[in-house]
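S.K.: Just dropping this structure here.
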Amino acid sequence: MSMIFFACVVRVRDGLPLSASTDFYHTQDFLECRRRLKSLGLRLAQYPGRGSAEGRDFSIHFSSSGDVACMAICSHQCPAAMAFCFLETLWWEFTASYDTTCIGLACRPYAFLEFDSIIQKIKWHFNYVSSSQMKNSLEKIQEELQFQPPVVLTLEDTDVANGMMNGHTPMHLEPGNCEAPNFRMEPVTALGILSLILNIMCAALNLIRGVHLAEHSLQVAHEEIGNILAFLIPFVACIFQCYLYLFYSPARTVKVVLMLLFICLGNMYLHGLRNLWQILFHIGVAFLSSYQILTRQLQEKQSDYGV
């Protein structure tokens, strides 16, 4: 008797389906479970590595590690250890077939990665090979589940999660059962890349001058300490500007203004060690980077994919 009905591989950060089995059942319960699996797939980044969504006739099990998660629809009678053993085997096979670059570059619209035949083979093995032949693997997974139980949801929870993503329903999770939200930024632009390069160059110049000055600080008057800080503080500010451009951070505007202020004040303090054109170059790069950070917005997740 089949206990594993459907399986798919998704990208954790955005729920993008990478491959799926071609199994299809026309029962209403199964179709409803497939719909809820899609909703849950969009939220995998906020859950621990293993979890289950329990329903009346079917259950959804998921297992994620790194960039890839495997999900399965199983019968309610399927033991959790067998489901997670299946998902772990599927994960190892998929990550052995495709590297992180291939996974990271996948985007809509695209064709599924060729993996259905392997999914079918593994699914057949777990559905029709006796449990005694998989005893060692099942015992290992069972011990892991006892040591670190998977998060348990209901299928209704997946709709609540989907509603929260669309701004309709707040979702309350227990502390420690989820990770921080995974925000996606808009694509990096050519001007943004230029600002990053210039910012890294300014940071390198500040670091080199600051370290060179610090090497002689013991033999020089204490006034040099101010010059050293005027080089090193803008160095840190430039690096942090690069971070703010590449990754989302709360209170972004306040941080951008502070970094810009540190860079401007540091360069003004260095008047004499740097000529006017050098100071204007550093401040100009800081303004360009600040503008690029503030204009790069969060990207909305797409939910209309078909697994």
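Glycine residues also receive a Cβ, built from the backbone N, Cα and C atoms like all the rest.
Checked TrEMBL, it gives:
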type	residues	note
DOMAIN	8-119	domain 'Longin'
TRANSMEM	188-208	transmembrane segment
TRANSMEM	228-246	transmembrane segment
TRANSMEM	253-270	transmembrane segment
TRANSMEM	276-294	transmembrane segment
S.K.: Who are the long-range neighbours of the transmembrane segment (276-294) in its own chain, taking Cβ under 8 Å and residues 6 or more past its ends?
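M.R.: Cβ under 8 Å, 6 or more out: 189, 191-192, 195-196, 198-199, 201-202, 205-206, 234, 237-238, 241-242, 244-245, 252-253, 256-257, 259-260, 263-264, 267-268, 270.
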S.K.: Given a Cβ distance threshold of under 8 angstroms, which distant residues of the chain, six or more beyond its ends, lie next to the transmembrane segment (253-270)?
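M.R.: Residues 206, 226-227, 229-231, 233-234, 236-238, 240-241, 244, 279, 282-283, 286-287, 290, 293-294.
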S.K.: How many of the residues that make up the domain 'Longin' (8-119) does DSSP mark as helix, as strand and as coil?
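M.R.: Each residue of the domain 'Longin' (8-119) counted once, the result is 45 helix, 29 strand, 38 coil.
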S.K.: Summarise the model confidence on the domain 'Longin' (8-119) as a single mean pLDDT, whole number.
M.R.: 83
